[in-house]
Amino acid sequence: METVALVSSYDKEDMASTKVLHSCTILTHRIITNRLHILFHFTVTLLLLYYRISHFFNGNSLPALSWALITISELIFTFIWCLTQAFRWRPLSRTVSINEIPANMNLEGLDVFVCTADPRKEPTMEVMNTIISALALDYPPEKLAVYLSDDGGSYITLYALKEAFAFSKRWLPFCMKYRIKTRCPEAFFSLAKYEELSITDEFSAKKDELEMKYNLFKRNVEKICEDASNYVVFDRPAHAEIIHGDTYMDDNENDEESTKMPLLVYVSRERRPSKPHRFKAGALNALLRVSEKFSNGPYLLVLDCDMYCNDPTSARQAMCFHLDPQMSPSLAFVQFPQMFYNISKNDIYDNQARSAYRIKWQGMDGIRGPSLSGTGFYLKRKALYGSPNCEDKHPSEAQRTSGELMKFSSEEEIAILKEAKLLASCNYERNTKWGEEASYLLHCRGWTSVYLCPTRPCFLGCTTIDMKDALVQLVKWSSGLLQIGLSRFSPLSYGVSRMPVLQSMCYGYFIYQPLYAIAFLIYGIIPQLCFLNGIPLYPKVLSPWSVVFSTVYLSAIGQQLHEVLSDGGTTLTWWNEQRIWVIKSVSGSCFGCLDLFMKWSGIKKTTFRLTNKAVDKDKLEKYEKGEFDFQGATMFMIPLSALAILNMACFIGGLGGIILRRNYEEMFGQIFLSLFIMALSYPMIQGLLKRSKKEKQ
């Protein structure tokens, strides 16, 4: 491994100082291993495709349609595999030294954006814990502003936000005094051991007092949720309210309670059934416009409503890159991994996304930076308005670039709130590009990004614990990304002319991976039907060509297993990843492709499916036991169940034909494939059997 120290230098009051704020380690050993494997695997894959194509044109007795379809599926696998290798070309890891940032450094303003939409599916207390943890970031409070977008327009959320701020006035001084790292109250009070703190009588008394106040706050919010008659208002005007600002300070507060607090603003944008809504992207755009009138921080932190700040130093960690005068001019954002506190030991749904955050994001960082993962990133506001070389500033930046919170008189505050409501109206809901699409366009304009994965997770969220919610997310992502891939903005055409080829390939993988659905559907139907009819699709087991097919399979499996084991995982981890990859491709990606087709044909309008973040006890028990929960996912399970039944039926029928014909050598490949599919299908088979037992009872 080769470590490169990156030095940041800056001037402060005419005194030049030089500090090492961050360094990167080029993973040389992994690079060599990856490139050798790419060469080897690509060679044997070309031999496999040569076998397919040459036998298609030369074999008179071959089933042409079946052979053509299986060749198409293998071409799709090869195409996506080639795109994936860009992630493995030059991986690196980074570290930061926040202690090297001078204590008197004039940090620029930071605006935190949190979006919520429905108190029923996104528990209000989880949202409030995220807000409190954001208010408690280790950042100058006069430079920090927190904005909550409530797309449900719920009085529950507004009430809870005011209660959360009242609690945070006591919580923040406690965290600062005792140097608490876990600044999410729910997480802190559930700790078995209070970090590495010096437990004194004073600390214990203060902790107990705050825990009592927190439980009271929690009960009040939960009670109003229980008594609520209307959670979401679908037809409403825009509303903006300052929960805390300079005009809200009470001179009579005691010293502890008068600790400087960040700005806190509530925004509920206008919602009309007849006007476009744009969902989370629209909410972020509204916060972008409204925040320009209040704080206009040069940097933005975007968080999911259930993704609390687990390390208060994350902002300073990100600034180690944004303060670097060599890197900063072209740096758009610093991305942290999306991690979860409720992942079970088995992680049957692969919620930790090990492949993404341990392989793909590190690989992209070695090119020109990772893509946005939708949460946990520190973004330079200027990057949203032009290219790195663009001298023109956004109009609001010309007025004030320091990020210092504005101070308003009562009349000015009324006027600015009125303007904020106008900016949160439906008339501004246009050009809402966020997520993968936003980072893709930023990189096309010449911006770079950085991936930082510290030992202590900076952000922790609540992940899905059933199949339905996991697949709902995938359908939404697959449809949106594939739509970009089939447009003129495809990374393999538009992107490749504006960014390095390897970076275009990385975006190509994200955008075209829904095509796995087609390849898996073919592989789940054609070989099985041919097996039933005694038609061989693979070489005889003793044929030299059989070695090629076996090598391709073992090479792919071996690489994935090596990556899992070298990352501290187990063979069970590898098997769970393989299984859920197939399940999600055949179900979620398949419906994502169907969703896109229906949108294009005009059969269906774009709809937003909100993932349920509320935790069900029965579902949680199943998840922790490693049992798949298909409740509510019946529609998604149709293709999986159909393929599982077809595979079993063809396997049983085909075995009879093999016994009669005695052509074991010719059919060995299809026997192995059927057995492998049955092993992958075990959760569906088990679910079908349990359902049939319940129906009989």
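Backbone N, Cα and C atoms are what each Cβ position is placed from, and that goes for glycine too.
Just so you know, TrEMBL annotations are computer predictions that nobody has curated.
The structure displayed is predicted, hence computed values, not measured ones.
Residues or ranges marked as UDP-alpha-D-glucose binding site in TrEMBL: Lys121, Glu122, Asp151. Among the features that TrEMBL reports, Mn(2+) binding site is placed at Lys280, Asp304. The transmembrane segment annotation in TrEMBL covers 36-53, 65-84, 507-526, 635-659, 671-689.
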* Asked: Among 36-53, 65-84, 507-526, 671-689, which stretch has the most Cβ pairs under 8 Å to the transmembrane segment (635-659)?
  -> 671-689
* Structure fact -> Record-annotated UDP-alpha-D-glucose contacts Lys121, Glu122, Asp151; largest Cα to Cα distance in whole Å is 13
* To do: Write down the Cα-Cα distance for Glu122 (UDP-alpha-D-glucose binding site) and Asp304 (Mn(2+) binding site), rounded and given in Å.
  => 10
* Asked: Could you tell me the C-alpha distance between Glu122 (UDP-alpha-D-glucose binding site) and Lys280 (Mn(2+) binding site) in angstrom, no decimals?
  -> 14
* **For Lys280 (Mn(2+) binding site), the number of other Cβ atoms found within 10 Å of its own Cβ** => 21
* **Long-range neighbours of the transmembrane segment (36-53), counting only residues six or more past its ends (CB under 8 A)** => 67, 70-71, 74-75, 78, 81-82, 85, 88, 539, 545, 548-549, 551-552, 555-556, 559
* Please report the number of other Cβ atoms within 10 Å of the Cβ of Lys121 (UDP-alpha-D-glucose binding site). => 16
* Asked: Rounded to an integer, what is the Cα-Cα distance in Å between Lys280 (Mn(2+) binding site) and Lys121 (UDP-alpha-D-glucose binding site)?
  -> 15
